[in-house]
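*Asks:* Below you'll find the structure I mean.
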Amino acid sequence: MCLRKRSGYRPPDLINAKIYTGPVPAEREGELAMGGGRSETSALSGAGGGQGMSTTQNSQRPNACCFCWCCCCSCSCLTVRNEEERRRRRRKKRISQDTKMETIPKFEACTKPSVEEIQLWTQSFDKLMRNPAGRNVFREFLRTEYSEENMLFWLACEDLKQEVNKSAIEERARSIYENYISILSPKEVSLDARVREVINRKMQDPTPHTFEDAQLQIYTLMHRDSYPRFLSSNIYKSLIHSGSRTSSES
């Protein structure tokens, strides 16, 4: 069945497209009623006599891929970052007190970071993620942004890489998939279609590196999206302030 003929159906790529809904010029009504030998699109563009715009000018307009739903099969108009922002907003709206009180993995055991360590975190995201205390503080910040699942997924992938038992690998891989990859999970992370296809193939025979591509994509997302905000957050500033004060008192 052709989807275009369904009543009320609008292709996904045309949802945000601007559609002309104004009155049809009188001189074009006859052509439109009889078919005019031209498509509806060319008829509307040809009505530019009253708009002061020629067909040549119309043809010089850049073609926005989102305006043509039949040509967008290979065009991804939504970046992973934008999808992550929308998911964060939706999760913030639906999260309830019961969800907040659910079992949350404990923070990593670590010693209190020194002032020097805290200051190193500003130099690179890699230095922050290599430090257990840094990961804990960053995870606390992500929780305030309703995106803690990104860190939890990254940590789960790190744990999976250390596993050597075949049955344990399969069990952990299935748990990671259900908690962070499945679209039914409230803790689903933002991944593009290509990475999801790779994961689905690898899940047929899980290994410690099944989620390697996904882990890298989430790491990049946290680096580019969350890390800059973390450095300017009150959580990090208060940590710097308290560390400096402790250092001066001693």
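Note: Cβ is positioned from N, Cα and C throughout, glycine not excepted.
Reproduced below are the annotations present in TrEMBL:
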type	residues	note
DOMAIN	124-240	domain 'RGS'
REGION	28-54	region 'Disordered'
*Asks:* Where DSSP helix means H, G or I and strand means E or B, what are the helix, strand and coil counts for the domain 'RGS' (124-240)?
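*Replies:* Per-class counts: 86 helix, 0 strand, 31 coil.
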*Asks:* Considering every residue in the domain 'RGS' (124-240), what is the mean pLDDT value?
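*Replies:* On average, pLDDT over the domain 'RGS' (124-240) sits at 96.
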